[in-house]
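J.: Taken from TrEMBL, the feature domain 'Obg' applies to 1-159. Marked as domain 'OBG-type G' by TrEMBL: 160-333. According to TrEMBL, the feature GTP binding site maps to 166-173, 191-195, 213-216, 283-286, 314-316. Annotation comment: TrEMBL describes S173, T193 as Mg(2+) binding site.
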Amino acid sequence: MKFVDEATISVEAGKGGNGCLSFRREKYVPKGGPDGGDGGDGGSIYLEADSGLNTLIDYRYTRRYKAQNGEGGMGRNCTGSKGEDLILKVPVGTTVIDIDTNEVLMDLTEVGQREKVAQGGFHGLGNTRFKSSVNRAPRQTTNGSAGELRNLKLELKVLADVGLLGLPNAGKSTFVRAVSAATPKVANYPFTTLVPSLGVVRTERNRSFVVADIPGIIEGAAEGAGLGIRFLKHLARNRVLLHLVDMAPWDEVTPAQAAAVAVEELAKFSQTLADQPRWLVLNKIDMVPAEELEERCQAVVDALQWQGPVYRIAAISGEGTQSLVGDLQNFLDERAQAFADDPELQEQENEVRAMIDAEARLHIERLRAEMRARKEAAEDDDDFDDDDYDVDVEYVR
């Protein structure tokens, strides 16, 4: 299935039905008076969060949606039928933005949540509405109003409690396999993970949390290099980030240097996101000679000036993962209880998430504007190939 996390669509609600101009014309009733009915309201358009969807791919191929118009009024005071509402299903975690105003309209974060995005037009009035003591045969009617037209941008952010941050080949997918039933692709080369994947970690019968694995980031990711910048926004809604560091790298970059790169790129993308709770996880310790392990681990801690939790694991064998998972579950439960006990704390959390979303959106828009500018500049070059820039890539899993 193709994973698409952004789409642009146009939605138009139905037009209201026109009012009817009609008079009673029956035998022996020469002056029956007006009997024109009202029109029906136009259909509205709603977006509904559906747990069965995990991509916006359908909205890449069909971009225009229109609800049904209301039926016109009829004689004998018959009202036209209402236009049928149009309900568009989207994945849970979809943010809806009005392109024309750049306003965030809604955030669909719960299964079954339904929100109106385009109001149907209101019905017109039939001539019966205009009769009075001085106007017994009115010929006045009104037309139904037009339905609301909106250009929308849909952004999908995966919903997870724990997000994994790290360079390519740090062992993020292996960790997800080790602690959950998910089976993301694992191989001994960078960029094995091309799209985000989720795994459910069950610590007890009724206790669990969701972990999100995103493509690794590389140096320069904040300026558009690699795959990670596109998917960093999926970490915006996590309660805690796990920063995985490869302690046995395949290239000449030391673990300390790799850890510093990831933190630097995260801060460039969104400083607010970088300030969120983050735990340091030193992975692949089974591949490090015993006499070098302590020195390498301490070098990473010193390079980051780390003050938070530090865990040493070997994801491929599961060594150290159980204590990490248990501590994560307790941390998440405590935060959930704190939010339940203090509504103000939950409101502050929501404000932080909104700030991260805004920073991420501005950063990505700036990068796209720079890419468009480079493309326009390159078009003046005779050697420019149209296929070199602005390629729309859809990754297949």
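Residue numbering: from 1, along the chain as shown.
Glycine is treated like the rest: Cβ placed from N, Cα and C.
Relative to the rest of the structure, where do these features sit?
T.: All protein chains included, G166 (GTP binding site) registers 26 other Cβ atoms within 10 Å of its own Cβ.
Taking the Cβ of S173 (Mg(2+) binding site) as centre and 10 Å as the limit, one finds 24 other Cβ atoms among all the protein chains shown.
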J.: Reduce the DSSP letter at A314 (GTP binding site) to three states and note it down.
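T.: The residue in question, A314 (GTP binding site), is strand (DSSP, three-state).
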J.: Can you give me the average pLDDT across the domain 'OBG-type G' (160-333), rounded to a whole number?
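T.: Reported value for the domain 'OBG-type G' (160-333) is a mean pLDDT of 81.
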J.: Say we define neighbours as other CB atoms within 10 Å of the CB. Which of the binding-site residues K172, K284 has the fewest?
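T.: Looking at the binding-site residues K172, K284, the Cβ with the fewest others within 10 Å is that of K284.
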